[in-house]
Each structure stands twice: as structure tokens, then as C-alpha cells.
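Have a look at the structure below before the remarks.
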Amino acid sequence: STITIGCLCGIASSAFQSIGLTLQRKAHILAQSEDQLFIDDLETQPTSKPSNHRKLWIYGLLLFLAANIFGSSVQISTLPLIILSPLQATGLVFNSICASIIINESFTKLSAYGTALVALGATLIASSVIPEPNHTLAVLIRLLHRPQFIIWFVLSLIIVAFLLFAAFWLEKNQNYIALSSSSVSIITGILYGAASSVLSAHALLFAKSAVEVLIRSVLDNDNQFRLLQAWLLPAAFLFLAVTQIYLLNMGLRYCSTSVLYPLVFGCYNLVVIVDGVIYYDQFQRLNWERLLLIISGASVLLVGVTMLSLRL
């Protein structure tokens with residue numbers, strides 16, 4: 001019964017999350033179309049509201065947040081990873097359906113093939129996750145201070161900074177690039193989405209660490225949140241979570257959810273794997289079978305996202 005509840009909650013959460021993202025994308029499209037109407041007709045007074053001031057965008061954001069917070073909490077507490085990993089891929093199906101119904105994007109054979117490949121790739125990547133027991137605050141602090149994790153974390157932030165710089169440069173110089181405006185928009189959205197997925201994976205790592213401290217505090221009857229270091233974990237999670245939601249919305253301004261959602265989903269799973277391996281020092285447990293799953297999943301995922309991009 002617990003697994004049944006978790007699966008039903010996971011499916012409902014994926015559906016509402018896809019609807020929320022698509023509603024936000026719809027608000028961005030409406031704002032852009034009104035801006036273009038004003039540009040084409042100089043006699044028209046500007047009446048366009050920013051997309052984040054529209055009720056449609058606000059409803060979409062609230063729906064997305066509710067699906068993530070409540071849905072993820074129930075799924076993590078009720079489902080084993082072998083069920084949770086492929087279940088999350090159902091969001092890709094709902095995303096394609098919502099894009100076709102809400103923003104009238106055509107659902108072609110490339111849509112079906114691309115969605116199926118992304119779902120397969122993400123499932124292969126997620127299946128290689130190595131489970132870890134709960135740790136005390138002292139152990140977590142020691143893991144955070146390991147040189148390997150610090151180097152990886154700083155390197156990932158440099159990658160995020162590079163992605164954001166590239167997206168900003170494309171925004172400012174799109175008129176001088178030998179590509180169509182739609183292609184530049186898709187690339188810009190993908191850059192923002194990739195940056196968002198990296199921060200989202202890091203946010204999950206800090207959230208999991210904060211939950212571990214809470215569990216140990218309750219089970220051991222030893223309140224570890226009396227120490228400042230314990231509060232830094234949820235603080236880091238909140239900062240990264242808010243930042244990644246902002247970057248995801250920047251991506252939605254330029255790119256369709258049918259491309260952005262699969263990309264973010266796949267990159268997120270890939271960075272979660274790397275975070276877990278480095279943070280928990282799992283190199284000795286990373287066998288060839290898991291490496292093959294990661295490489296195969298990433299390759300299939302890349303092909304799927306490419307097919308979805310070519311469709312537009």
C-alpha cells in the first residue's frame with residue numbers, strides 16, 4: 001500500500017509539475033507576442049505586462065513548487081530507488097502532452113522518439129545511483145571539507161558561470177550571429193537550463209544532508225542544530241533552490257518546455273550521480289557496470305534532446 005501511494009503521488013506530481021512549467025512558458029509567450037505587436041504597430045500604446053506579473057505565470061510557479069515540495073517528500077519517503085528512478089521519467093510524457101495542448105506545439109514522430117530516448121537515458125543514469133546510509137553532522141562536515149569535493153564544487157560553479165556568460169552574450173549579440181532567431185533562442189534557453197540543472201543537483205545534495213542531520217538528531221536524541229554548521233546546510237539548499245528556479249524561468253523565456261524539461265531532467269540526474277560519487281567518496285564502489293550505465297544513459301539522453309530540438 002505504501003508503494004502504491006508513492007507511485008500514485010509520483011505520477012500526480014509529475015503531471016502537475018509539467019502543467020506548472022507549461023503555464024509559465026505560456027505566460028512568457030504571451031508577453032513576447034504582445035511586445036512584438038507593439039513593435040510592429042508604432043501607433044499602439046505599450047500594454048504588455050512582464051510575464052512574471054501575469055496570473056498565469058504565478059499559478060504555474062505555485063503549481064510547480066507545490067508539486068516539487070509535497071510530491072518529492074512523499075516519493076522519497078515511500079519509494080525505493082529502483083521504482084523512483086523510472087517513475088520520474090513519466091514527467092517527460094506529461095510534458096509533451098502539456099506542450100501540445102496548452103501551447104499548441106505539434107506532437108510529431110520526433111517528439112515521440114525524442115521523449116522515449118530521454119526517458120530511457122535518464123532511467124539508465126538514475127539506475128546507477130549508489131545508496132548511502134544517514135550520516136552525523138561531524139561526518140558530513142568532514143565530507144564537505146575533502147579536497148576532492150571542494151575542487152568539484154568550485155569547478156561546477158565555474159561551468160555554471162561560463163554557461164550564464166554564454167547565454168548573456170547570445171542575448172546581447174543575437175543580431176550578429178549567423179543563425180536564425182529561433183535557433184539562437186533555443187540555444188540560449190538550453191544554456192540557462194543546463195546551468196539550472198547543475199544548481200538543482202547541488203541543492204538536492206545539501207537538502208539530503210540537512211535531512212540526514214535532522215534524522216540523526218531525532219533518532220539519537222541529540223539536537224545537532226544547536227551548532228551553526230548544521231544551519232548552513234538548509235541555508236545553502238534554499239539559496240541554490242531559489243537560484244535554480246530563477247535560471248529555469250530564464251530558460252523558459254527562450255526555449256520550449258518540450259526541449260528544456262528533458263534537458264534539465266537528464267543533466268540533473270547526471271550531476272546528482274557525480275555529486276554522490278565525489279561527496280560520499282564512492283569511487284571504490286563505482287564499478288564498470290555503473291560506469292557503463294552512466295555513459296550509455298548520457299549518450300541516449302543527448303540523442304533524445306537533439307531530436308526534440310530539431311523538431312522545433
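Here the Cβ of each residue, glycine as well, is placed from N, Cα and C on the backbone.
According to TrEMBL, the feature transmembrane segment maps to 56-76 (among others).
Sequence annotations record features per position, and here TrEMBL assigns transmembrane segment to 82-103 (among others).
Residues annotated as transmembrane segment in TrEMBL: 110-130 (among others).
Same-chain neighbours of the transmembrane segment (150-170): 177, 184, 187-188, 191-192, 194-195, 198-199, 202, 247, 250, 271, 274-275, 278, counting only residues six or more beyond its ends whose CB sits under 8 Å from a CB of the stretch. For 150-170 (among others), the entry in TrEMBL reads transmembrane segment.
The annotation transmembrane segment is assigned in TrEMBL to 182-207 (among others).
For 227-247 (among others), the entry in TrEMBL reads transmembrane segment.
Taken from TrEMBL, the feature transmembrane segment covers 259-279 (among others).
Annotation comment: TrEMBL describes 291-310 (among others) as transmembrane segment. A Cβ distance under 8 Å defines the sequence-distant neighbours of the transmembrane segment (291-310), meaning residues of its chain 6+ beyond its ends; these are 110-111, 113-128, 186, 190, 258-259, 262-263, 266, 269-270, 273.
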